[in-house]
Every structure is written in C-alpha cells, then in structure tokens.
Amino acid sequence: MTTWILFISCVSAPTSLLGQSINNKHKQLQSLLLEAPTYKRGGNQMATSSYFLLAAFVALVTSQAIASDPSPLQDFCVADKHSPVKVNGFVCKDPMAVNADDFFKAAELDKPRNTKASKVGSNVTLINVMQLPGLNTLGISLARIDYAPLGENPPHTHPRATEILTVLEGTLYVGFVTSNPNQLFAKVLNKGDVFVFPQGLIHFQFNPDHYKPAVAIAGLSSQNPGVITIANAVFGSKPPISDDVLAKAFQVEKGTIDWLQAQFWENNHY
C-alpha cells in the first residue's frame, strides 16, 4: 500500500513539462489508483497491477501531450524541408544556418487575387509552413481570401486548426455547423467584423453582394491546418466513392450521383 501512496503523491505533483492542462488527467488517475486492488509485495499479481497502472498513466498523459501542434522547445525550429528524416512536421534546420529570410515572404497579400478563373468565385492564398519555413512548430498560419460578387469559399473543414476571420472589404455571410445533430451558427459580417470557426467543424463564407467583391484575412492555429472541401471530397475523390454508397447516404438516385461525380471539382486554394 505504501507503494501506491508514494505513486499517487508523484502523480499529484505539478508537471512542469505539460503544465496545468493535464490536472484533470491526474485526478482521473488518482481515482483509478484508489480503486485498484491492494496486493502484498512480490508475486505476479503485484507486477501485473504495476504494469497496468503505469500504462494507464502514460495513456492519460500522452493523450493531452499530442492533442495539438507540438510546442517549441527552443526559440525557433526553422523547417528543413530537404532533410531525409521524417517526423511529425519538419526537422529543424541548423540554427547556425538560419537567417532572416527563413521568417520572411514577399507574399503581396495587399494585392487582389484573380477570382474569375474559379468556378466558386473565390481565391484562397494560404501562407503556411510550406511557404514560410520559420512557422515550423509555432502553431500558426495565415490566409487571404478573395471573393467575387456572389462568390463563396464553399463548405470545408480544417482538421488541425481553429480559424479566426476578419473582413477587410465588403460583406460576407458566414457560418459553421456543429457535430450531430448539426446546428448552424451563421452571421452576416461587415468590414472590420470578426468570426471564429472551431477546429474541425464544417464552415463556409459567401459574398451576397451582386456587384462588389469582398476580401478577408484569416488566422489559423496550426502551421499546416489542412483543408477538406466537402463537395470535392465526397464527389471528387480518386478513386471515386461507390455510387451505391452515396445514393444511399444522400437518398437520391444513382444517376444523380453519377452526374455529380462527373463534374470538375475545383480546388480554390492557390
């Protein structure tokens, strides 16, 4: 029993590496330990119980530690995109070889983008770690979105990032849909307004003006937020999803699905 009391004390102590975010996990583990059966020292039962509790501790802690982009453990970790080593993100470039250009990009985000070539009437210019190596491990990226009159950034998700968007010019109708039972939160935004799209939820932006374009800037909480455009993923995947599956899911005739899959599903990210 003394062993468990000492172990509980260690678990209860603050963990400087992970911070306060795992306090709830500590409490869960304490409950687990207190409910665990007590064994005499020695024997296979004691060893089995110890292994179980150690595995529970590791699982509870690491579930918090890997919940988002990895935190930097140094001032910066400029991405070395030419390294043959594969890690979650990018290997750090030798700090002695880093210079100011690793943190800079002449992105010309002040200039309007072409929306006429887009079937959905929008153009997304994303600045992530692929364009700016200094973003590696910093958990942030940026996008400029241009909308033609009646243009939209169609329903999509960012699997690794929350997005905060502000309108620079024009008007936008924006919204997101929650997980089941799918409640819609929507708002009309004017110049200077701000809206947040929670991580992983389907969201959209639409310019309702028939004559004037709109522009927005978005910040995203990942160096590589990713994007899944819903229509493209469902009807434009390679190879295609079975039309039997989609006809049943959407409750329509297979011919309707075949027609949708035959369309050109454009990526509006440039």
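Note that Cβ sites are derived from N, Cα and C of the backbone, with glycine treated the same way.
Unlike curated entries, TrEMBL annotations are predicted automatically.
Feature annotation from TrEMBL assigns signal peptide to 1-19.
Residues or ranges marked as disulfide bond in TrEMBL: Cys77-Cys92. When Cβ atoms from all protein chains are considered, those within 10 Å of Cys92 (disulfide bond) total 19, not counting its own.
Within the domain 'Cupin type-1' (115-258), the DSSP-based counts of helix, strand and coil residues read 22 helix, 56 strand, 66 coil. If you look up TrEMBL, you'll see 115-258 marked as domain 'Cupin type-1'.
The oxalate binding site annotation in TrEMBL covers Asn153, His158, Glu163.
According to TrEMBL, the Mn(2+) binding site annotation covers His156, His158, Glu163, His203. Annotation for His158 (oxalate binding site): spatial neighbours Phe197, Gln199, Gly200, Leu220, Ser222, Pro225, Gly226, Val227, Ile228, criterion Cβ-Cβ under 8 Å with sequence separation of six or more.
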Residues near Asn153 (oxalate binding site) by Cβ (under 8 Å) yet at least 6 apart in sequence within the same chain, in sequence order, are Val120, Ser122, Val124, Ile145, Tyr147, Phe204, Gln205, Phe206, Asn268
CA pair Glu163 (oxalate binding site) / His203 (Mn(2+) binding site), Å rounded to integer, equals 10
Model confidence for the domain 'Cupin type-1' (115-258), as mean pLDDT, reads 97
